[in-house]
Amino acid sequence: MYHLKCIECGAEYSRDEVIYTCSKCDGLLDVIYDYSSIKIDMEKLKTECPSVWKYAKLLPVEREPVTIQEGGTPLYKCDRLAEKIGIKKLYVKHEGMNPTGSFKDRGMTVGVTKALELGMNTVACASTGNTSAALAIYGAKAGIPVVVLLPAGKVALGKVAQALMHGAKVLSIRGNFDDALALVRTLCSQEKIYLLNSINPYRLEGQKTIGFEIADQLDFKVPDRIVLPVGNAGNITAIYKGFREFKILGITDSLPKMTGIQAEGSCPIVKAIKSGAPAITPEENPETVATAIRIGNPVNATKALSAIRESGGTAESVTDEEILAAQKDLARLEGIGVEPASAASVAGLRKLVDMGVIGRDETVVCITTGHLLKDPQTVIDVCEEPTVVDANIDAIREAIFGKAK
């Protein structure tokens with residue numbers, strides 16, 4: 001059994017209500033379970049392959065899920081990258097290997113299923129790209145209309161293409177992501193349209209399965225630290241909740257330090273952590289090459305600050321140049337192709353190791369959130385162009401070896 005509870009004033013709400021924030025104080029909501037009633041079959045947990053719905057007993061859904069086989073993403077042991085950064089043990093959890101190419105699939109399989117369960121037959125979101133792509137695809141699978149609002153000219157074309165091809169109504173607004181989110185929240189409050197941004201607590205329940213899977217894939221041992229990119233701040237919150245729930249249920253016995261990485265041009269959470277402020281100061285004009293985390297007023301900031309502080313973690317910002325260098329390292333040292341925002345985790349890890357904040361003997365998991373093909377234009381912009389040669393073997397040899405045979 002479960003219900004919703006405000007993290008600010010403690011007001012409680014029925015699971016049958018269509019509600020996104022507290023009606024009394026506008027605080028964020030969390031899904032609260034009766035853990036004493038949840039019985040986990042450890043033998044089944046240890047033998048069944050990871051996927052979102054493997055953990056159905058810890059998800060707030062009663063009906064058949066809308067699924068395209070999300071989850072079960074690889075956890076790569078990255079020895080060459082670890083050596084370059086200077087730590088002993090590094091893993092990369094590559095969420096870009098989900099069906100739509102990002103971690104958002106985990107939230108949307110639960111969120112769209114919940115929409116149907118609540119009798120909502122149209123869904124909507126604002127997006128920097130990945131959310132719109134995932135919602136369009138899960139909406140198509142469910143057979144319901146999808147509306148997405150994007151900041152005009154600020155979204156990678158690979159992500160826009162996904163939303164368009166899968167039939168979403170795509171609106172490019174003259175404004176940034178935060179403007180789009182404010183508008184879609186107003187729309188969903190006035191119409192019978194279900195909001196599936198990460199302010200929706202049910203969506204985050206799907207994303208917490210990343211934490212479940214990491215523990216699962218490490219034989220239920222918890223890493224010392226999770227390092228991940230932070231945009232709207234739902235993922236760092238959700239993953240920490242996943243680890244907390246496994247500990248509550250006695251499946252694991254410790255918690256990782258949650259470490260959030262933001263781009264220098266868009267880092268309100270980093271500034272709040274470093275200053276000790278109880279809340280963020282929104283940034284009006286966030287800018288970074290990492291479009292997926294170009295968010296100046298993250299809606300889950302309160303939850304994220306709590307997760308970082310409670311876990312003994314930290315937050316750090318990185319430059320666009322550091323992000324793009326890490327993107328190349330992931331690809332060229334480990335064969336892991338990610339979009340720029342994903343690489344922020346590795347860029348941040350490198351910086352924090354160099355600063356002495358992260359110990360070289362720590363076991364670290366970096367989350368990479370989206371696939372390389374989400375934003376191919378950035379790759380083309382920062383990599384060397386293909387070498388054009390004549391169609392003969394001597395020209396080929398000269399291009400490769402510097403001389404003809």
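Each residue, glycine too, has its Cβ placed from N, Cα and C.
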Among N130, N176, Swiss-Prot assigns to the pyridoxal 5'-phosphate site of G231, N232, A233, G234, N235, T369 just N130
How many other Cβ atoms sit within 10 Å of the Cβ of G231 (pyridoxal 5'-phosphate binding site)? 30
When you measure from the Cβ of G234 (pyridoxal 5'-phosphate binding site), how many other Cβ atoms are you left with inside 10 Å? 28
CA pair G231 (pyridoxal 5'-phosphate binding site) / K104 (N6-(pyridoxal phosphate)lysine), Å rounded to integer, equals 12
Would you mind reading off the Cα separation of N232 (pyridoxal 5'-phosphate binding site) from K104 (N6-(pyridoxal phosphate)lysine), to the nearest angstrom? 12
Quick one: pull the CA-CA distance for T369 (pyridoxal 5'-phosphate binding site) versus K104 (N6-(pyridoxal phosphate)lysine), whole Å only. 8
For K104 (N6-(pyridoxal phosphate)lysine), the same-chain residues 6+ apart in sequence with C-beta under 8 angstroms from its C-beta are N98, N130, T131, A133, A134, L135
